[in-house]
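Copied from Swiss-Prot, the annotated features are:
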| type | residues | note |
| --- | --- | --- |
| BINDING | THR19, GLY43, CYS44, GLY45, SER46, GLY47, ASP64, ALA92 | S-adenosyl-L-methionine binding site |
Amino acid sequence: MKYMIPDEEFIRREGVPITKEEIRAVSIGKLNLNKDDVVVDVGCGSGGMTVEIAKRCKFVYAIDYLDGAIEVTKQNLAKFNIKNCQIIKGRAEDVLDKLEFNKAFIGGTKNIEKIIEILDKKKINHIVANTIVLENAAKIINEFESRGYNVDAVNVFISYAKKIPSGHMFLAKNPITIIKAVR
(Lines of atoms letter the chains of each structure in order from A; the text may use other names.)
(Lines give C-alpha, C1' and ligand atoms only; values in the text may rest on other atoms or scores of the structure.)
Protein backbone atom coordinates (compact mmCIF):
# COMPACT_ATOMS: atom_id res chain seq x y z
CA MET A 1 0.00 0.00 0.00
CA LYS A 2 1.26 3.47 -0.85
CA TYR A 3 1.60 5.57 2.26
CA MET A 4 -0.33 8.44 0.70
CA ILE A 5 -2.04 8.61 -2.66
CA PRO A 6 -0.49 11.40 -4.78
CA ASP A 7 -2.79 14.39 -5.34
CA GLU A 8 -2.80 13.93 -9.12
CA GLU A 9 -4.40 10.46 -8.79
CA PHE A 10 -7.57 11.89 -7.25
CA ILE A 11 -10.53 12.96 -9.36
CA ARG A 12 -10.96 16.70 -8.91
CA ARG A 13 -13.75 19.17 -9.45
CA GLU A 14 -13.38 22.93 -9.72
CA GLY A 15 -14.53 24.65 -6.55
CA VAL A 16 -14.24 21.50 -4.42
CA PRO A 17 -10.94 21.48 -2.54
CA ILE A 18 -8.77 18.45 -1.88
CA THR A 19 -6.53 18.18 1.15
CA LYS A 20 -2.95 18.12 -0.15
CA GLU A 21 -0.97 14.88 0.15
CA GLU A 22 1.44 16.17 2.80
CA ILE A 23 -1.40 17.61 4.89
CA ARG A 24 -3.26 14.30 4.62
CA ALA A 25 -0.14 12.53 5.89
CA VAL A 26 0.15 14.72 9.00
CA SER A 27 -3.60 14.60 9.64
CA ILE A 28 -3.67 10.79 9.35
CA GLY A 29 -0.74 10.62 11.77
CA LYS A 30 -2.60 12.83 14.26
CA LEU A 31 -5.71 10.59 13.98
CA ASN A 32 -3.62 7.59 15.10
CA LEU A 33 -5.94 5.20 13.26
CA ASN A 34 -6.24 1.48 13.86
CA LYS A 35 -8.18 -1.22 12.02
CA ASP A 36 -11.10 -1.17 14.50
CA ASP A 37 -11.78 2.58 14.33
CA VAL A 38 -15.03 3.97 12.96
CA VAL A 39 -14.41 7.55 11.84
CA VAL A 40 -16.60 10.43 10.74
CA ASP A 41 -15.19 12.83 8.11
CA VAL A 42 -17.01 16.15 8.53
CA GLY A 43 -16.82 18.25 5.35
CA CYS A 44 -15.47 15.49 3.12
CA GLY A 45 -14.88 17.81 0.13
CA SER A 46 -13.28 15.80 -2.69
CA GLY A 47 -12.92 12.72 -0.52
CA GLY A 48 -9.12 12.78 -0.22
CA MET A 49 -9.16 12.34 3.55
CA THR A 50 -12.12 9.96 3.32
CA VAL A 51 -10.18 7.61 1.03
CA GLU A 52 -7.00 7.77 3.14
CA ILE A 53 -8.92 7.19 6.39
CA ALA A 54 -10.91 4.30 4.90
CA LYS A 55 -7.68 2.53 3.86
CA ARG A 56 -6.67 2.42 7.53
CA CYS A 57 -9.81 1.75 9.57
CA LYS A 58 -13.00 -0.30 9.82
CA PHE A 59 -15.53 2.24 8.51
CA VAL A 60 -15.93 5.91 7.56
CA TYR A 61 -18.96 8.20 7.44
CA ALA A 62 -18.27 11.01 4.95
CA ILE A 63 -20.51 14.05 5.45
CA ASP A 64 -20.92 17.10 3.23
CA TYR A 65 -23.84 19.34 2.31
CA LEU A 66 -22.54 20.36 -1.14
CA ASP A 67 -23.73 18.37 -4.16
CA GLY A 68 -20.37 18.77 -5.92
CA ALA A 69 -18.48 17.44 -2.91
CA ILE A 70 -20.77 14.42 -2.59
CA GLU A 71 -20.40 13.61 -6.29
CA VAL A 72 -16.60 13.84 -6.44
CA THR A 73 -16.25 11.90 -3.16
CA LYS A 74 -18.38 9.11 -4.68
CA GLN A 75 -16.14 9.11 -7.75
CA ASN A 76 -12.95 8.91 -5.67
CA LEU A 77 -14.33 6.11 -3.49
CA ALA A 78 -15.17 4.15 -6.65
CA LYS A 79 -11.80 4.89 -8.24
CA PHE A 80 -9.88 3.57 -5.23
CA ASN A 81 -12.32 0.69 -4.65
CA ILE A 82 -13.28 1.88 -1.16
CA LYS A 83 -16.26 -0.09 0.16
CA ASN A 84 -16.12 0.67 3.91
CA CYS A 85 -17.69 4.12 3.64
CA GLN A 86 -21.13 5.69 3.73
CA ILE A 87 -21.58 9.13 2.18
CA ILE A 88 -24.16 11.32 3.88
CA LYS A 89 -25.49 14.48 2.25
CA GLY A 90 -26.37 17.01 4.89
CA ARG A 91 -25.02 19.26 7.57
CA ALA A 92 -22.92 17.57 10.23
CA GLU A 93 -24.85 19.17 13.08
CA ASP A 94 -28.02 17.52 11.72
CA VAL A 95 -26.65 13.98 11.28
CA LEU A 96 -23.85 13.36 13.81
CA ASP A 97 -26.25 12.40 16.61
CA LYS A 98 -27.56 9.48 14.53
CA LEU A 99 -24.14 7.91 13.88
CA GLU A 100 -21.91 5.62 15.95
CA PHE A 101 -18.16 6.30 15.66
CA ASN A 102 -15.12 6.66 17.92
CA LYS A 103 -12.96 9.23 16.09
CA ALA A 104 -13.65 12.35 14.05
CA PHE A 105 -11.88 14.33 11.36
CA ILE A 106 -13.18 17.83 10.70
CA GLY A 107 -12.21 19.30 7.34
CA GLY A 108 -15.10 21.73 7.08
CA THR A 109 -15.51 24.31 9.81
CA LYS A 110 -18.98 25.78 9.24
CA ASN A 111 -20.87 25.72 12.56
CA ILE A 112 -17.74 24.39 14.26
CA GLU A 113 -18.90 25.20 17.80
CA LYS A 114 -22.08 23.14 17.34
CA ILE A 115 -20.12 20.27 15.77
CA ILE A 116 -17.66 20.20 18.68
CA GLU A 117 -20.57 20.39 21.15
CA ILE A 118 -22.14 17.29 19.56
CA LEU A 119 -18.82 15.40 19.49
CA ASP A 120 -18.29 16.29 23.16
CA LYS A 121 -21.78 15.05 24.12
CA LYS A 122 -21.11 11.82 22.21
CA LYS A 123 -17.90 11.39 24.26
CA ILE A 124 -15.68 11.35 21.15
CA ASN A 125 -12.22 11.52 22.69
CA HIS A 126 -9.99 11.72 19.60
CA ILE A 127 -10.67 14.47 17.07
CA VAL A 128 -8.52 16.13 14.41
CA ALA A 129 -9.62 19.40 12.80
CA ASN A 130 -7.93 21.18 9.90
CA THR A 131 -8.41 24.84 9.09
CA ILE A 132 -6.84 27.41 6.82
CA VAL A 133 -8.47 30.37 8.61
CA LEU A 134 -6.50 31.84 11.53
CA GLU A 135 -9.60 32.91 13.46
CA ASN A 136 -11.08 29.43 13.11
CA ALA A 137 -7.91 27.89 14.55
CA ALA A 138 -8.23 30.02 17.69
CA LYS A 139 -11.97 29.32 17.91
CA ILE A 140 -11.46 25.55 17.57
CA ILE A 141 -8.63 25.43 20.12
CA ASN A 142 -10.64 27.49 22.63
CA GLU A 143 -13.75 25.37 22.10
CA PHE A 144 -11.87 22.10 22.69
CA GLU A 145 -10.00 23.42 25.73
CA SER A 146 -13.22 24.75 27.30
CA ARG A 147 -14.59 21.19 27.09
CA GLY A 148 -11.59 19.57 28.78
CA TYR A 149 -9.74 18.27 25.76
CA ASN A 150 -5.94 18.26 25.63
CA VAL A 151 -5.07 20.16 22.48
CA ASP A 152 -2.07 19.85 20.20
CA ALA A 153 -1.90 22.27 17.26
CA VAL A 154 0.61 22.43 14.45
CA ASN A 155 0.77 24.90 11.58
CA VAL A 156 2.06 23.17 8.46
CA PHE A 157 3.67 25.07 5.60
CA ILE A 158 4.20 23.17 2.35
CA SER A 159 6.33 24.47 -0.50
CA TYR A 160 6.93 22.73 -3.81
CA ALA A 161 10.11 23.10 -5.86
CA LYS A 162 9.69 24.58 -9.33
CA LYS A 163 12.39 24.68 -11.97
CA ILE A 164 13.37 28.13 -13.15
CA PRO A 165 16.11 29.10 -15.64
CA SER A 166 18.71 29.67 -12.91
CA GLY A 167 17.87 26.58 -10.79
CA HIS A 168 14.89 25.88 -8.56
CA MET A 169 12.63 27.95 -6.35
CA PHE A 170 10.04 26.96 -3.79
CA LEU A 171 6.42 28.00 -4.24
CA ALA A 172 4.52 28.04 -0.96
CA LYS A 173 0.98 26.76 -0.51
CA ASN A 174 -1.37 28.18 2.10
CA PRO A 175 -0.46 27.08 5.63
CA ILE A 176 -2.89 24.71 7.33
CA THR A 177 -3.45 24.45 11.06
CA ILE A 178 -3.97 20.86 12.19
CA ILE A 179 -5.53 20.59 15.64
CA LYS A 180 -5.67 17.33 17.60
CA ALA A 181 -7.99 17.16 20.61
CA VAL A 182 -7.89 14.15 22.94
CA ARG A 183 -8.96 13.26 26.46
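Glycine too: its Cβ is placed from the backbone N, Cα and C atoms.
Counting only same-chain residues six or more apart in sequence, the Cβ atoms lying under 8 angstroms from the Cβ of GLY43 (S-adenosyl-L-methionine binding site) belong to ILE63, ASP64, ALA69, ALA92, ILE106, GLY107, GLY108, THR109, LYS110.
In sequence order, PHE10, ILE18, ALA62, ALA69, VAL72, THR73, LYS74, GLN75, ASN76, LEU77 make up the list of same-chain residues 6 or more apart from GLY47 (S-adenosyl-L-methionine binding site) whose Cβ falls under 8 Å from its Cβ. DSSP classifies ASP64 (S-adenosyl-L-methionine binding site) as strand under the three-state reduction. Of all Cβ atoms in the shown protein chains, 25 besides its own fall within 10 Å of the Cβ of THR19 (S-adenosyl-L-methionine binding site). Spanning the residues THR19, GLY43, CYS44, GLY45, SER46, GLY47, ASP64, ALA92 that the record associates with binding S-adenosyl-L-methionine, the maximal Cα-Cα distance equals 19 Å.
Among the listed binding-site residues, namely CYS44, GLY45, ASP64, the Cβ with the most fellow Cβ atoms inside 10 Å is that of CYS44.
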